[in-house]
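See structure below.
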Amino acid sequence: MDSALSDPHNGSAEAGGPTNSTTRPPSTPEGIALAYGSLLLMALLPIFFGALRSVRCARGKNASDMPETITSRDAARFPIIASCTLLGLYLFFKVYFPNKSYAGSVLKTWKTQKSKKGKTAVIQNPTTRDSHSFPSEIFSQEYINLLLSMYFFVLGILALSHTISPFMNKFFPASFPNRQYQLLFTQGSGENKEEIINYEFDTKDLVCLGLSSIVGVWYLLRKHWIANNLFGLAFSLNGVELLHLNNVSTGCILLGGLFIYDVFWVFGTNVMVTVAKSFEAPIKLVFPQDLLEKGLEANNFAMLGLGDVVIPGIFIALLLRFDISLKKNTHTYFYTSFAAYIFGLGLTIFIMHIFKHAQDNLFTS
């Protein structure tokens, strides 16, 4: 579902970051292998554990963990809605932000001064374009990315808290004072009362939320690639766990439609790449190719879009639930589809590395 970009020079700018005018030295073969292997592993983990958790989610009765079912109608409309959204974002960034320096210089091109009558007059720099200056001042790319950062900060800590909660419960002692809470919002009164939100949680969930908030603050302040990956893995695992396909044909419709969507927007245009590089959000898994040279401060990343993890993942999770419904000891459909995904992603990495071209899954920046 997400874009792919491969730079023959192993990248000249970090996605979502400031453009670097100097050419980076080529990454070593060991660094590239480590980056691609790590991305492959990070893609497999949320699919495998998300599929297992989707089984428990389907059997559970907790209203806060009820899965969202995707119907064939939803699957058919999704590529169309995604295309419209992607094109809208592309036009928004292209029209208002033709380059990053322009969006940041708007405040310098508009000046105010007091006239003799005490009124404020706005004087425009002659070199500024009339059609873009005022909207850019209101909707600068920095403000948009700040808004997105806050949005994903909230979503990220909730997703990460939900992800680590089952693991953290094993570390709490039996004497831990665990109290139950319920967040309930209703609408109307009497017989017309309707529940809007009914979320049950306990003290352990609050502890997990606090730990996740630390990661959220780290991401918000530093945009570090490790914090980005923690959020990305949490989003992916929650997506595979909570998004359920109702049958195999729906999965085929979804995968087929998104295949055409990916091929068109990645190979036919530069829309996907432009939007992906304009966003500062944990919508992708990243791993530095120069980690061996620069350590944790490395900045030459290989990336994998979350959509290319979640979309195949929900189909693989469907096959696992089908295997379990057959009540056999073997999970043939699950392991076969999981192996096919590994092969497909590995082939994508190989083709990207050989041809140095934007691929439908993986890209470097």
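Each residue, glycine too, has its Cβ placed from N, Cα and C.
If you look up TrEMBL, you'll see 1-28 marked as region 'Disordered'.
Per TrEMBL, the feature transmembrane segment maps to 33-55 (among others). Listed as Cβ neighbours of the transmembrane segment (33-55) (distance under 8 Å, sequence separation of 6 or more from its ends, same chain) are residues 27, 67, 166, 229, 232-233, 236-242, 244, 285, 287-289, 291-292, 301-304, 308-310, 312-314, 316-317, 320-321, 324, 334, 338, 341-342, 345-346, 349, 353, 362.
Look at TrEMBL and you will find 76-97 (among others) tagged as transmembrane segment.
Marked as transmembrane segment by TrEMBL: 143-161 (among others).
The transmembrane segment feature in TrEMBL is assigned to 248-267 (among others).
TrEMBL lists 301-320 (among others) with the feature transmembrane segment.
Feature annotation from TrEMBL assigns transmembrane segment to 332-355 (among others).
Cβ atoms under 8 Å from those of the transmembrane segment (143-161) belong to residues 16, 205, 208-209, 211-213, 215-216, 219-220, 223, 230-231, 234-235, 238, 279-282 of the same chain, restricted to positions at least 6 beyond its ends.
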